[in-house]
Amino acid sequence: MLKYDVIVIGGGHAGVEAAAASARLGVPTLLITLKPGNLGEMSCNPAIGGIAKGILVKEIDALDGLMGYVIDQAGIHYKMLNETRGPAVWGPRAQADRKLYKKAMYQILTNYPNLNILYGKVEDIEIKSSKVKAVVLNDGSKIPCQKIILTTGSFLSGLIHIGSTKIPAGRVDEEASYGLSNTLKRVGFKIARLKTGTPPRIDGLTIDYSKTVLQPGDKTPRPFSALTNIVDVPQINCFITKTTSETHDIIRENLDKSAMYSGQIEAIGPRYCPSIEDKIVRFSTKSEHRIFLEPEGLDDYTIYPNGISTSLPEEVQCKLIKTIPGLEKATILRPGYAIEYDYVDPREISITLETKKIMGLYFAGQINGTTGYEEAAGQGIVAGINAALAVKNQPPFILTRANSYIGVMIDDLTIFGTKEPYRMFTSRAEYRLSLRADNADLRLTELGINIGVVSKKRKEIFKKKCYNIEKTRNLLKTLSFTTSKLVKIGVQVAQDGTYKTVLDLFKIPNFTIEQAIKIFPKLQEINSNILQLLYIEAKYASYLAKQQADINLFQNEEIQLIPKNIDYFKIPSISLEIREKLSYYKPTTIGIARRIPGITPAAITAIIIYLKTKYNDGSFISNN
């Protein structure tokens, strides 16, 4: 009988990262998925990254994950979003060739050390004494294991809706999983339903692009992965169009036929990626909504119209498409649809992503209530690492709000749960200036090296980068001009007779890297990414210093423990509402208590005073 230490169920974005991470740690791992050609399948939009999401991809790459490297083998349209704003909100994004992405993922995983792939369906999980023992396949056979990672995406009791038509499926032409839903219910997990959707696919040969707006990508694609030197995939353009008043009229006239508005779907959809029906209803005063026409591949004429996800009947979709500029003669290749599926309240998992009820069972991805490839992949890599570390009896790998967006996401989910699909935003991260795309490896790769999840090749690249950063920083401290000379060449500085280094100049408002290169031509020889990193560090030095002080306070509060048996109703001077919230959330640390919505600074002070009085030996204060 085959036996593996870790078994991953599901080959989507969470599953492939979980399986690869476990395998990198030297643990025999099995990935079970339904179809061989669908590893890392892009079920919805053909793109990776975006605002906040791009930072997640960089963090996954920093831990030697797959997503960043694979998109660099398949990216056909790179664009840095929000680049005119501050660096904390820059969002690297790349349009993907679907076929190239799946091909690259398949080639990597089928040749991955310590990883085997089984094409089949898991119907049940064998559990004894609240601990996983084996997976049970649909033919009745069992595969024993120590740890199981569930990354089931939208397949748990998945149900597709197109108008009044219902199709049991986890994705188009792929059957849903009911056995695992029943397993989770039997064990006693809190299960609810969520909904997501996708737009119709359009034949690009039937689009009149002269009526649309060209959206070029960046002139020089910036790779996601530290392992990629140059993106050599051909680059193409995207296009933008918009809905019209006629589009809106058709949607309003047919709202009763939409699965979302007919009452057919009761599950909650993503707030920040609404269907076109939702947009028309919720933003009724808007006369138009933008639609991004995104090619699905270099040799594929299919177009993904980002912005018009819908569950209207197919005939209504055909009608509304023809009211959009450039799409008057467009042909729909596949109708859009909504899909609802089961998920588990993420407060049922710990920050390692292991479930609290069942030892050795981990959840990652949409099963935890998230939406998005990047969010799923971020959870997958953490679940894979922790499952493997547990097999090896090593301490868990914990990411926090202070060092990563992945940590922010896991913290949000495990403390507060979610009643709608959770999507990552920069606004969720209070330390976002410190958690940028350009420094993801500086934040996380050393942590990955320490636990053994980072390859030798990436370790060498990282160490070389760190060396070059310090070398460049020292150079920027030595290159200097007198203030009088700087004034003569047009730099606005006070003529105090001192010398100004490049790092000093970087701190001047509106002073750019391009200006620095003109003054000091030697800077042209420096790696542009390293120069930009040091520019950002210098430009925002005072803000980063303040943020580091906040991070230090956060880390201090994270180790200030709150006893499990605390009675908040015995704490004087806090309101009944706050007592009820604290009793409901049961925070384990002062830091977590502070993050609960509605908990005031005064209440936190009252808790600390109460604990110091009750535990005057200070035993509650630290984990040590």
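Here the Cβ of each residue, glycine as well, is placed from N, Cα and C on the backbone.
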Which of Ser164, Ser177, Ser404 belongs with Gly10, Gly11, Gly12, His13, Ala14, Gly15, Val122, Gln366 in the FAD site listed by Swiss-Prot: Ser177
Shortest C-alpha distance to Phe283 (NAD(+) binding site) - which of the binding-site residues Gly10, Ala14, Val122, Gln366: Gln366
Which listed residue (Gly12, Gly269) has most other Cβ within 10 Å, given these are binding-site residues: Gly12
Most crowded position, judged by CB atoms within 10 A, among Ala14, Cys273, Ser275, Glu277, Val281 as binding-site residues: Ala14
For Arg271 (NAD(+) binding site), nearby residues of its own chain (Cβ under 8 Å, 6 or more apart in sequence): Glu420, Pro421, Arg423
Gln366 (FAD binding site) versus binding-site residues Ser275, Glu277, Lys279, Val281 - nearest by Cα: Ser275
Greatest C-beta neighbour count within 10 angstroms, which of the binding-site residues Gly10, Val122: Gly10
Largest tally of Cβ atoms lying within 10 Å of a Cβ, found at which of the binding-site residues Lys279, Phe283, Gln366: Gln366
Alpha-carbon distance [Ala14 (FAD binding site); Cys273 (NAD(+) binding site)] in Å: 20
